[in-house]
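Down below is the structure, laid out as C-alpha cells.
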Amino acid sequence: MSEVFVRVALDHPLPTLFDYRWGASDAAVVGTLVSVPFGKRHVVGLVCEVAAHSEVPAERLRDVHSVCTACPPVSAHWLALASFAADYYQRGLGEVALPALPQALRDASRWSRLFAPEERYRLTSEGRAALPDALPARATALAKLAQALAQADFLLAADARALHPKALATLDTWRAAGWVTLEVIDAAAVPAAASLPDAPAPALPTLTDEQASAVEAIRDADGFAAFLLHGVTGSGKTEVYLRALAAILAAKPDAQALVLVPEINLTPQFEAAFRARFAALDVSAIVTLHSGLAEGERARNWFAAHTGRARIVLGTRLAVLASLPQLAIIVVDEEHDPAYKQQEGLRYSARDLAIYRAKQLGVPVVLGSATPSLESWWQADQGRYKRLTLSRRAVADAVLPTVRLIDLEDERRRGRASIEGLSGPLIAAMKARLERGEQSLVFLNRRGYAPQLACDACGWVAGCPRCSAYVVLHKPERALRCHHCGWESRIPRSCPECGNVDIAPLGRGTQRVEETLGSAVPGARVLRIDADSTRRKGSAQALFSDVHAGEVDILVGTQMIAKGHDFQRVSLVGVLNADTALFSHDFRASERLFAQLMQVSGRAGRAGLPGEVLVQTRYPRHALYHALGRHDYVGFANATLAERRDAHLPPFVYQALLRAEGRTLEAALAFLQQAAAELAQIPAAERVTVYDAVPLTIVKVMHVHRAQLLIESASRAALQATLRAWQPLLRSLKGVLRWSLEVDPLDI
Ligand code: ADP
Ligand code: ZN
Ligand code: ZN
C-alpha cells in the first residue's frame, strides 16, 4: 500500500503548511482536524491537502497523532474563505483558520467529550416563585442548587452534580413538582428538517412601502447581490432582516442565515426578536456566537452551525468565520461600526469578509445602517451595491427628533447658570422629562471620573509610569487607572512633585457626570452604563433591562448606550464634549462622530413621544452639526466623500500600515526606515506612495515604543503585490520587538 501524506495548517507565524505521514486506517480527508507532533508538543491543525508524496525527507517526517472524528471536516468553501483572508490580510493560513475555530476544539484532549449530549435544567416561573422559600431551613446545599438555577438561563446536569452529589435526584423531584424542566440538547444529532410552517406568526406589523420593497429586492436576489439598507434610526431595519430571512429560510429546507451585530450587548435584543419570530424553529436552530460565551457553549454553537443544525447564527465579528455549509444570506447590522474591525492578531474587517463570503457562495448580503460607512456609500454610488432606502420611522407618529445646538460660549457670555459642565437648557430639559415620567439619555465618550488629575501649583499631571499617557481618575474605585495598559494606583493625597494638597480632577468623564446629575436634577434615578459599570458578565444586560423597565430616569454613558437599542421612553438626548473629535488628526474622526451622534440621537422619540436632542458645543456653526440638525446623512456623506477625493484619502486610495514596537523610539523608527528602503527592490511598489515613519500618538505603552509607516496606492492589486513581496524582506530585518502589517487600517 502506498503511503499517504497530509499538509497541515498550524497556528504558527510561518506562512507554510506542515507535512505529516497519515498513519490512520481511514482515508485522509481535506478539512479534518488532527493532532500532530510539533517540536516537543502536540498541537491541533487542519488538514489542507492530501498528497502521495512529500518533499520532506522521510527521516524527518512524523505521523499524525490523532484525528478528530467527532467533528466532520470543514468544507472546501470554508478553507477557501480562510485562505482568502490569510492572503488578503498577509497572514499564514493556519494563523487564520485555527483561531477561527472555537478554543475547545483546539484542545485535542477535549475532543471526545465536546459534543456529548447535554442535559439542561431550567427553572419554570412556578419554580421561581416557590423556591427557595419551600426549602427547609439550613438546607444549604439545596439553597445553592436553587440559587444556581435562578442565576443562569439553565443549569447543566454536570454542573448540578458538581454542586451536590445527589443534586440530580433533587432536580427530578422538583421536575415532578413542575418547578424545573429538563431538555436534552444533542448537538451532534442530525438536524431535524425544520421547515418553517406557512402559518403566519401572530400579529406581524404591516410593512411600510419602503420596507416591503426592500424585503422584495433581497428575497428576489438571484445569486450574489450586496444591498446597502440605508434606513434612518427607527425605520424598522430589523423587520426587513426578519422578513428577508423568513423568505429565504422557508424557500430552502436546510438554508442557513448569518446575522452580524457590532456588539455583544446587542445580541440579547436580537436573539429575543429572532426567537420570537422564528418560534417554529427548534430552540437549538438559533445560536449565538460571540466572545462572551463560555467555551463549551461556544464550541457547541459553532458545531451546530457547522453541522447545519443551526439555521440562524447571530454573532459578533468573529462569527463571520463560522463554518456554515448551507449559508444562504448574510446580514451585517450597523455595518459602519468600527467594532467590525478586529484590532489585534488577524486585523480583519468582518464586513468586508462578509461581502467576500457572499460573493464566493453566490448569496445576498445586506449591510444595514442609518449612517453607512463612506466606503459602502461610495460602493453604492458606483452601482456595486444596491441601495435600499427607509426614509421614515416605522412606528406611526414617530418622527425623527429635533436637534438643538447649545452654544456654550454664548451661555457663558450671557452669564447663564450651568452646573459642572451641564448647561442650563439641558438641565431644564431633563427636569421637564422627569416631571412627565419620560427618560433622558446623556452621552459622552469618556469613561472614568476625570481624564486627568493635576496640581495647580506646579503643573504636575498624573501620568502612567509605563505609557506616555495621563492616567484617568476613577472615583468609585478610588484609583488612578491607565486606559492603555491597565496600570493602577491609589489616588495620592498630595502632589508628588511639590507637596501641594490641593490636587484636582481636570475634565469630565461619565462617573463625574453621573455624580453631577444626582444634584443637578434632584429626585432623578441616574444610571451609568460604560465599560466600567458593565465589567461583570451579564451586568450590561441587567442594566439595560432596568432602563427598559422604566426604573431609570436618566441614563448616562459612552457609545455603549448609543448603539442599536430600542428604548421606548427616551425622549431627550444630551450630548456633551463632542467637539474634540471635530479637529482630530485622524481623517475618519468626523465620519465616526457624525455616525455616533446620529445613532445616539436615534435613541430619542422612537415610540411616538416627540424626541429632542441637545448638543452642547463651542462650534455651533460647524457643518457637521448642521447636517446632524437636518438629519442629513446624504449631504454629509457626499460632502465628506468629495473632500476625501480631493485629498486622495480612502475610499479613493487603499492603505496599509506597518507598525513596529521597539525598546526605544529610535529603534522602531530605524526599523521602519529600513523597511521603506526595501520597497525600492519591489517592482509593484512603483505604484505605491510611502509616507514618513512616525511615532504613534500614544508613543509608549507598557514601556514599549511604537511607530508606524503608512503606504498607499490607488490600485488595490499593486498594494497587495507589494505587501506580498515585502513580507519576506521584513522578516529578515532586525532591531524591533515586534512588527505587524495591517491592511485597510481604520485608525491612522
Ligand atoms: P432600526 O433598526 O431601523 O433603528 P428597529 O428595527 O429597531 O429600527 O425598529 C424600530 C421600531 O419600529 C421597533 O419598535 C419595531 O418593532 C417597529 N417597527 C418596525 N417595522 C414596523 C412596521 N412596519 N410597523 C410598525 N412598527 C414597526
Ligand atoms: Zn505640585
Ligand atoms: Zn499605562
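Note: Cβ is positioned from N, Cα and C throughout, glycine not excepted.
If you check TrEMBL, you get these features:
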DOMAIN    218-390  domain 'Helicase ATP-binding'
BINDING   Cys455, Cys458, Cys495, Cys498  Zn(2+) 1 binding site
BINDING   Cys464, Cys467, Cys482, Cys485  Zn(2+) 2 binding site
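What TrEMBL annotates, mapped onto the structure for a quick look.
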residue	record	DSSP (3 states)
Cys455	Zn(2+) 1 binding site	strand
Cys464	Zn(2+) 2 binding site	coil
Cys482	Zn(2+) 2 binding site	coil
Cys495	Zn(2+) 1 binding site	coil
Zn(2+) 2 site shell beyond Cys464, Cys467, Cys482, Cys485, criterion: Cβ within 8 Å of Cβ centroid: Pro465, Arg466, Ala469, Val471, His483, His484, Gly486, Trp487, Val701, Met702
Shell list (Zn(2+) 1; ref centroid = CB of Cys455, Cys458, Cys495, Cys498; cutoff 8 A): Asp456, Ala457, Gly459, Trp460, Ser494, Pro496, Glu497, Gly499, Asn500, Ile503
Listed binding-site residues adjacent to ligand 3, that is, members of Cys455, Cys464, Cys485, Cys498 whose C-beta is under 6 A away: Cys464, Cys485
Minimum Cα separation from Cys495 (Zn(2+) 1 binding site), reported as the residue among binding-site residues Cys464, Cys467, Cys482, Cys485 that achieves it: Cys464
List of residues, in chain order, with Cβ under 8 A from that of Cys498 (Zn(2+) 1 binding site) and at least 6 apart: Cys455, Ala457, Cys458, Trp460
Around the Cβ of Cys485 (Zn(2+) 2 binding site), the count of other Cβ atoms that are within 10 Å: 19
Set of same-chain residues at least 6 away whose C-beta sits under 8 angstroms from Cys464 (Zn(2+) 2 binding site): Tyr470, Val471, Cys482, His484, Cys485, Trp487
Binding-site residues whose CB lies under 6 angstroms from ligand 2, from Cys455, Cys458, Cys482, Cys485: Cys455, Cys458
For Cys467 (Zn(2+) 2 binding site): intrachain residues, at least 6 apart, with Cβ closer than 8 Å: Cys482, His484, Cys485, Trp487, Ile698, Lys700, Val701, Met702
Residue among binding-site residues Cys458, Cys495 with least C-beta crowding, 10 angstrom cut-off: Cys458
